[in-house]
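What TrEMBL records for this protein:
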- 1-88: region 'Disordered' (REGION)
- 10-19: compositional bias 'Low complexity' (COMPBIAS)
- 47-64: compositional bias 'Low complexity' (COMPBIAS)
- 65-83: compositional bias 'Polar residues' (COMPBIAS)
- 148-326: domain 'C-CAP/cofactor C-like' (DOMAIN)
Amino acid sequence: MEEDDHLSKPTTTTDPSDSALQRKHAAMIERLSNLHQSRSTRKPESESNSTSSFLSRFSESKNSIESTLSRIRQTPDPHSNPTLKPELDNVSLSISNLEKLVAENSFSLPSYEVRTCLKTVADLKQIVEQVACDVIPKKKFSFKNKSTKKTTTQNDDLGVRVLDNNSQNVESRDLGFKVLDSPGFRGNENEVLVKEFNNRGSDEEIREFVLSDLRGCEVRLMGNIRALFVNKLIDCKVYVGPVFGSVLIDEAKDCVFMMASHQIRIHQAKMCDFYLRVRSRPIIEDSNGVRFAPYCLKYDGIEKDLEEANLGEETGNWSNVDDFKWLRAVQSPNWSILPENERLGAVDISTRDAKISC
């Protein structure tokens, strides 16, 4: 019986090599799990720190601007104080810098933070406009000759108008972007409008430029500027060199825009083509039928201008468009990529007759 019992008991043997392999496998799984957990913990923490740092800087600058505006508003007898207008100019510059800060950090921020910050910037611009109306005396109406120097010649049935570097159009209009007395082209029709910014880097550099109420015009802006404001353009072609800060476009129809900037925001654009180089994602609102392609502008010295504006490299953001009025996960129907067979070639605006090469 003992022999039978001995025979009835199964015998099992374990290969030492299998046991060692199992231990190694378990150890590897544990290491990978720990590594994944460590990475997933560090990444949100890093992103959180970056966002917190930006929001702290943004809030500090916003509070400083609001404090200055509050002090200006409380100035006794503001109409007789000659220092207020320069102070408001400085506030406008601070707001432009704040907007540039948003543009430079938009690629790393949550989209709702970008929208909130841009809304804050827009609100600050409106406040500046209101404060300016309250404290700066309005000029009495009078008839006067325009001092802007112009040269007009014929070019394919279009007038060619050159804005002199020393001239400034100081008409104050409600552009939607609340621009104060900025130089620019306004109210032109069927003309070629040329401006070359030769005093880049000087204290007299033009910080903001305006294009408003243009129809059937071709605009050529060469050199660097800090901000460009576009309002109410119909059937225009706009070729723009590097913009250090932002481009804001409001109400454009059947136009072609070729521009490079740190931030580009487009509002109420219909059936327009945009050839862009931009460091942050382009933003559209209340727009439809807009198409996008890469920047392809040329003029003498543009490569240097692009480098100075920190726009020397193509980022590919021209195709990463945010439609703020389209909240669904699927592609917005309001914009599309311009098909390659319909795109313009390189456009050279160095000469009076703009050349397009294939």
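Sequential numbering from 1, following the chain as shown.
Any Cβ shown, glycine's included, is placed from N, Cα and C.
Here the domain 'C-CAP/cofactor C-like' (148-326) has a mean pLDDT of 80 out of 100. Note on the compositional bias 'Polar residues' (65-83): residues 91, 94-95, 98, 124, 127-128, 131, 134-137 of its chain, located 6 or more positions outside it, place their CB under 8 angstroms from a CB of the stretch. Across the range of the compositional bias 'Polar residues' (65-83), the DSSP-based residue counts are 12 helix, 0 strand, 7 coil. Taking H, G and I as helix, E and B as strand and the rest as coil, DSSP gives the compositional bias 'Low complexity' (47-64) the counts 18 helix, 0 strand, 0 coil.
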